[in-house]
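Asks: Next up is a structure, given as structure tokens.
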Amino acid sequence: MQAKKRYLISLLTGAFLVLLIYLGGGGVPGPAAPGSRSRTHGYNRPDQPWPHFSDPLQHFSPWDHSDTEDYNVHISPRQKRDVNSSVYKGKRCRMQSCFDFSLCQRNGFKVYVYPQQKGEKISESYQNILSTIEGSRFYTSDPGQACVFVLSLDTLDRDQLSPQYVHNLKTKVQSLALWNNGRNHLIFNLYSGTWPDYTEDLGFDIGQAMLAKASISTENFRPNFDISIPLFSKEHPRTGGDRGYLKYNTIPPFRKYMLVFKGKRYLTGIGSDTRNALYHVHNAEDVVLLTTCKHGKDWQKHKDARCDKDNAEYDKYDYREMLHNSTFCLVPRGRRLGSFRFLEALQAACVPVMLSNGWELPFSEVIDWNTAAVIGDERLLLQIPSTVRSIHQDKILALRQQTQFLWEAYFSSVEKIVLTTLEIIQDRVLQQSSRSSVMWNSHPGGLFSLPQYSSYLGDLPFFYAKLGIKPSPKFTAVIHAVTPLVSQSQPILKLIVSVARSQYCAQIIVLWNCDKPLPAKQRWPATAVPIIVIEGENKVMSSRFQPYESLISDAVLSLDEDTVLSTTEVDFAFTVWQSFPERIVGYPARSHFWDNNKERWGYTSKWTNDYSMVLTGAAIYHRYYHFLYTHFLPSSLKSMVDQLANCEDILMNFLVSAVTKLPPVKVTQKKQYKETMMGQSSRASRWADPDHFAQRQTCMNKFASWFGGMPLVHSQMRLDPVLFKDQVSILRKKYREIERL
């Protein structure tokens with residue numbers, strides 16, 4: 001009897017345990033997956049979200065079983081790992097392990113673009129990228145000379161629901177003869193993944209290729225291998241682009257609004273958590289965060305109690321007006337980590353407040369975003385208003401100014417985004433001559449600071465003030481000679497004597513671009529400074545701006561052979577240049593204007609109240625611009641100058657103004673600077689040719705087209721000696737001869 005009771009009790013106990021496990025076993029945690037990462041450590045990192053706890057309780061609102069679309073579905077960690085492993089099989093790729101440096105050592109940093117395949121569609125944005133590369137100094141049409149390869153297959157939009165999606169890309173890429181598992185290849189991408197989770201799935205194995213990708217996460221980003229680029233719209237200009245909207249600084253730097261945002265709310269799904277919580281910090285006064293539920297075709301099926309109020313308030317405000325009148329602009333994540341709001345805020349000089357955990361910010365390898373943005377945390381949304389209010393006005397002003405620099409240097413056009421990407425890769429390849437962080441984050445930026453010239457900041461005129469360096473105490477005169485020496489009274493000989501008497505002259509270089517042989521050494525005047533005669537190889541106009549090794553001084557006095565300048569005028573121009581070492585300083589001024597009737601740019605030599613160019617027939621500038629002219633400008637523009645034997649001075653002014661964003665500096669009232677006795681048969685008489693002036697009009701528009709806009713800046717300033725024309729004794733004046741001219 002006792003045994004039967006024991007058996008019965010054991011049986012009931014076992015049945016009860018089985019029933020308990022069956023009914024409640026779903027809540028018992030199982031062993032961790034082998035590939036899962038512990039979150040015990042590093043819980044304060046902003047790029048890791050809070051742990052996700054599933055709610056076993058029933059929802060307060062009844063579930064509508066008629067909804068066939070599950071907006072809150074989330075793929076499992078295993079599925080996410082599978083997706084990432086299929087896309088990032090080269091997860092551990094770095095330049096040292098997945099890049100062949102030997103391809104770059106043979107021919108330098110050259111980029112090859114695959115020929116476009118017949119029948120393949122290419123989006124306008126991707127065509128802009130390819131056109132930029134093909135028009136850059138990095139491009140080569142010979143794959144045997146290439147260091148980096150770019151696909152002609154459109155990889156920008158890899159959302160399977162997009163009409164721009166290219167099908168069968170995996171097969172097409174693998175069939176490329178030069179693919180080599182993606183080694184030394186660069187892939188551009190703006191959109192990846194699709195509804196509902198928008199994973200970073202490109203739909204094909206990138207192998208060992210580098211990714212230039214928008215909205216890339218820090219989890220998938222391969223440091224010093226991939227490049228994070230900004231998300232830009234198809235309307236983003238290919239070249240040029242509008243300048244930043246900051247016209248002047250206000251002190252204190254506060255605007256009408258402290259913090260603004262206007263955008264979609266995303267009722268459900270990825271990206272909705274933060275945007276659904278914005279109403280908690282919205283006060284409709286200085287913090288205006290507006291969202292609308294009107295997104296997608298079925299938004300009304302998922303609207304909540306706040307939607308009607310949010311939609312009504314959303315329509316009351318103009319987005320552009322908010323953008324231009326706010327101190328800070330909130331940039332929360334969307335469906336993907338990046339959004340168009342980022343570039344819009346930069347251009348508007350509205351300091352971005354980043355609220356997108358885990359986003360690798362654009363060009364983070366070289367740009368210090370702490371100097372231009374506020375990096376927030378989605379989990380600390382309620383602290384954002386108090387955080388931005390605590391920022392001192394000096395810091396706000398510095399942040400605002402840096403947004404304008406970064407926008408104009410790297411983001412205002414597709415061309416700048418692409419060239420910045422290529423320059424970053426080039427710095428990795430040529431580490432011995434790479435740019436410093438100061439070059440990337442200071443005016444004029446990395447695109448205009450070529451490390452092939454020098455990686456030392458003190459060799460570039462833009463950093464003299466920052467480093468406390470004084471400009472060069474001497475100059476080198478470069479005289480462009482195009483007519484033979486037939487008389488000892490020719491203007492070039494008088495010019496050499498006059499320049500050589502300057503106390504600041506280190507040497508004189510005569511660039512012999514004449515068809516006649518070089519004159520004998522004794523034909524040149526005896527001077528206290530050395531005279532170096534260089535015979536141009538091709539005898540073309542662009543040769544006057546070659547970075548000759550003989551240029552030992554930073555300052556270059558550029559002169560035409562028929563220029564008439566006294567020693568006093570040379571001295572005064574040089575002393576003025578020492579105060580403006582990054583600009584062109586000189587005598588002959590010209591201007592540009594917009595012709596409304598012809599709808600084109602015009603060139604004028606009329607004496608007006610302003611000017612935008614100082615011609616290089618009598619001007620001083622830094623020798624670095626010789627290097628930029630030769631190595632930065634495309635061969636198409638230089639070939640045009642050489643064929644016309646004209647416009648080289650205009651092109652140099654375009655280049656310097658594009659770099660500095662400043663006008664040149666004219667000195668003294670002198671307007672005529674040419675020798676009138678030059679023979680009409682000489683090549684110098686081209687100034688009297690009516691076609692010469694017409695050609696310069698054509699050049700203006702050709703140059704403006706390549707620069708993507710008009711870089712020239714007008715000025716109404718002219719610098720004269722302090723006592724110029726003053727009613728004092730002539731003996732008290734330092735540059736007394738200038739008044740007699």
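Positions of Cβ are set from backbone N, Cα and C atoms, glycine also.
Keep in mind the model is a prediction, meaning the values are calculated, not measured.
The active site annotation in Swiss-Prot covers ASP649 and rests on similarity to another entry. Per Swiss-Prot, UDP-N-acetyl-alpha-D-glucosamine binding site is recorded for ARG435, ARG544, ASP560, GLU561, ASP562, GLU648, ASP649, ARG696. If you look up Swiss-Prot, you'll see ASP562 marked as Mn(2+) binding site, on the strength of similarity to another entry. Summarising the annotation, Swiss-Prot assigns disulfide bond to CYS647-CYS699. Annotation comment: Swiss-Prot describes ASN84, ASN325 as N-linked glycosylation site, evidence class sequence analysis. The topological domain 'Cytoplasmic' annotation in Swiss-Prot covers 1-7, and the record cites sequence analysis as its basis. The topological domain 'Lumenal' annotation in Swiss-Prot covers 29-741. If you look up Swiss-Prot, you'll see 8-28 marked as transmembrane segment.
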Asks: Suppose we draw a 10 Å sphere around the Cβ of CYS699 (disulfide bond). How many other Cβ atoms does it contain, all chains included?
Replies: 23
Asks: Compile a sequence-ordered list of residues in the same chain as ASP649 (active site), six or more apart from it, whose Cβ lies below 8 A from its Cβ; state 'none' when nothing qualifies.
Replies: MET613, LEU615, THR616, GLY617
Asks: Quick one: pull the CA-CA distance for CYS699 (disulfide bond) versus ARG544 (UDP-N-acetyl-alpha-D-glucosamine binding site), whole Å only.
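Replies: Per the Cα atoms, CYS699 (disulfide bond) and ARG544 (UDP-N-acetyl-alpha-D-glucosamine binding site) stand 18 Å apart.
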Asks: If one looks at the chain holding ARG544 (UDP-N-acetyl-alpha-D-glucosamine binding site), which residues at least 6 apart in sequence have a CB under 8 angstroms from its CB?
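Replies: Within the chain, ARG544 (UDP-N-acetyl-alpha-D-glucosamine binding site) has Cβ neighbours under 8 Å at VAL478, HIS480, LEU511, ASN513, SER558, THR616, GLU648.
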Asks: To the nearest whole angstrom, state the Cα distance for the pair ASN325 (N-linked glycosylation site) and ARG435 (UDP-N-acetyl-alpha-D-glucosamine binding site).
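Replies: Cα to Cα, ASN325 (N-linked glycosylation site) and ARG435 (UDP-N-acetyl-alpha-D-glucosamine binding site) are separated by 36 Å.
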Asks: Pop the Cα-Cα gap between CYS647 (disulfide bond) and ARG696 (UDP-N-acetyl-alpha-D-glucosamine binding site) into the table, whole Å please.
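Replies: Rounded to a whole number, the Cα-Cα distance is 6 Å.
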Asks: Hey, does DSSP put CYS647 (disulfide bond) in a helix, a strand, or just coil?
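Replies: Coil, per DSSP.
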Asks: Where does the mean pLDDT land for the topological domain 'Cytoplasmic' (1-7)?
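Replies: Mean pLDDT for the topological domain 'Cytoplasmic' (1-7): 58.
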Asks: On the Cα atoms of ARG435, ARG544, ASP560, GLU561, ASP562, GLU648, ASP649, ARG696, which are listed as binding UDP-N-acetyl-alpha-D-glucosamine, what is the maximum pairwise distance in Å?
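Replies: The span, Cα to Cα at its widest, is 41 Å.
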Asks: In angstrom units, rounded to an integer, how far apart are the Cα atoms of CYS647 (disulfide bond) and ASP560 (UDP-N-acetyl-alpha-D-glucosamine binding site)?
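Replies: About 14 Å separates the two Cα atoms.
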